[in-house]
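TrEMBL annotations:
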| type | residues | note |
| --- | --- | --- |
| TRANSMEM | B:12-31 | transmembrane segment |
| TRANSMEM | B:78-101 | transmembrane segment |
| TRANSMEM | B:121-143 | transmembrane segment |
| TRANSMEM | B:155-176 | transmembrane segment |
| TRANSMEM | B:196-214 | transmembrane segment |
| TRANSMEM | B:241-264 | transmembrane segment |
| TRANSMEM | B:284-307 | transmembrane segment |
| TRANSMEM | B:319-341 | transmembrane segment |
Amino acid sequence: MGMSLQQIVFGVLSIISIISALGVILSKNPVTSVLCLIVTFFTIAGHYIMLNAQFLAVVHIIVYAGAIMVLFLFVIMLMNLNAEIEPQKRNWLKYAGAISGGALLLVLLGALREADVTPLQPGSTDIGLISNLGKTLFSQYVVPFEVSSILFLSAMVGAVVIGKREA
Amino acid sequence: MTIDWFFILEKIVLISGVLAISLVVAMYSTWGERKVAGIIQDRIGPNRAGFMGLLQPLADGGKLFFKEEIIPGNSNRFLFILGPSLAMIVACMTSAVIPWGDTLTIAGHTVSLQIADVNIGILYIFGVVSLGVYGIMLGGWASNNKYSLLASIRAASQIISYELAMGLSLIALLMMTGTLSLKEIVEQQRHDGWNVLYQPLGFLIFLVCSFAECNRTPFDLAEAESELNGGYHLEYSSMKLGFYLFAEYINMFISSALMSSLYFGGYSFPGMDSLGLAPNLVTILGTAALFIKIICFLFFFMWVRWTIPRFRYDQLMRLGWNIMIPLALANMLITGAIVLYRSTH
């Protein structure tokens, strides 16, 4: 057998992530869609661990699976969506969606086919560890980091303003 | 490539041991809870099954197993079963990164009494805790019952709200210790004294948030029987109900272990290094010390439950957002300033 353990894990993770991603769009029940998306996030976190980015993996789980998906679930549960009350979509809309999605896939394939993938630091295994990440974020990328935090702050203030107006 | 069979065996034994101990402690917490309730309310508590009622948890477990299992007709069958299973799995997962003791030396091998010393241990705990809410939400929604849904939404918003303050209080601790590995945090306390001395406010916030995360009184709004007929597990029967109730006790045990490790020195105890005993013996004593700390916390959880009445929901939210989070932010700011001052002087 010419496959290393890493390749086997990669293959299994990829298959699960593709199946669960298909489950998100093919499932009729929105709650099942959300659960499939959570499984997809887990497999992507697994890919991050394979790339030695443990911090990214665990933050991905905390933020996406632990927080954002809980809010999705909240909204879906409160709206009580189900198959009976869902409005019928027209067929041409489905075809349009499939064609435009397929076109995007083609463009992405075309763009990435020729791209050369070079590892940032060949042979380094601790690039994704939290101390290295922190040092890079707060020295080399400190301005973008702070700008993005201001962006989040403005989003929070916006949410509070919208919430206050209702009350 | 040779496979290190000793390593695999060691981990299997350790994982089974930790799981078994978690389950037994959770089981006897139900007995302890009823005894403590009895003492506080001037009653005797369970005393029929076995000596001092010690067989009561076994009797309860047997009863739950043999009860009729009912799945409501209009519920989503798969999600209905997934709910309690998730609650139980998530409750058991956290124990993997808690250092249950120092190292033992067995036949020339050094065995660490921690299942996995990952360098992101605390973040792992956060990841698992943030998943804990799914078991409650799915169970409540899949029951197809308005009361269950209301209760599960209450529980979810409560857990999300208190997770923030909990995280902020931990950030202050991390700034001080400079590591995310629980083992290292315990080792630092072994030499420098317990973290609760340096982070009293942080510990208090963490403690209150643990009560909220475990859905314990005074934050058990999700099970407010006077308003909700029972809670998110209203439609559950038999062992599926048992799993929900049991998961709460495992969560209590794990958060007690976590608080002991983060703020009360974990498996270290004063004078640990000056006893002059064999290292293996010191390790075992350390594990015993950790369990004594855990039992104290468990008793505290129960003491509070039978002493303090439940909050109103708006009071709960106000406490979380208007008091806990600003306090945790202030604590973080002060800690950061002190750490900065110390590193420059």
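Quick reminder: no glycine exception, Cβ is built from N, Cα and C everywhere.
Predicted automatically and left uncurated, TrEMBL annotations should be read as such.
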**Study point:** For the transmembrane segment (B:196-214), sequence-distant contacts whose Cβ falls under 8 Å of one of its Cβ atoms, 6 or more beyond its ends
**Key:** 129, 132, 158-159, 161-163, 165-166, 168-170, 172-173, 176, 248, 251-252, 255, 258-259, 262-264, 301, 304, 316, 319-320, 324, 327-328, 331, 335
Study note, to complete from the structure: Relative to the transmembrane segment (B:121-143), the stretch among B:78-101, B:155-176, B:241-264, B:319-341 with the most Cβ pairs under 8 Å is B:78-101
Exercise for review: Take a look at B:12-31, B:155-176, B:319-341 and tell me which one has the most Cβ pairs under 8 Å to the transmembrane segment (B:241-264).
Suggested key: B:12-31
Exercise for review: Mind pulling out the one from B:12-31, B:78-101, B:155-176 with the most Cβ pairs under 8 angstroms to the transmembrane segment (B:319-341)?
Suggested key: B:155-176
Review point. Going along the chain, which residues at least six beyond the ends of the transmembrane segment (B:12-31) come within the CB cut-off of under 8 Å?
Key: 46, 53-54, 56-58, 60-61, 92, 95-96, 100, 111, 113, 115, 245-246, 249-250, 252-254, 294, 298, 302
Review point. Same chain, outside the transmembrane segment (B:155-176) by at least 6, Cβ under 8 Å from its Cβ: which residues?
Key: 122, 126, 129-130, 132-133, 136-137, 140, 185, 195, 198-199, 201-203, 205-206, 208-210, 212-213, 215, 219, 221-222, 231-232, 262-263, 316-317, 320-321, 324-325, 327-329, 331-332, 335-336, 339
Review point. Counting only residues 6+ away from its ends, which parts of the chain sit with a Cβ under 8 Å from the transmembrane segment (B:78-101)?
Key: 15, 18-19, 22, 71-72, 112-118, 121, 124-125, 128-129, 131-132, 134-136, 138-143, 182-183, 186, 233, 235-236, 240-241, 243-244, 246-247, 250-251, 254, 257-258, 261, 266-267, 283-284, 286-287, 290
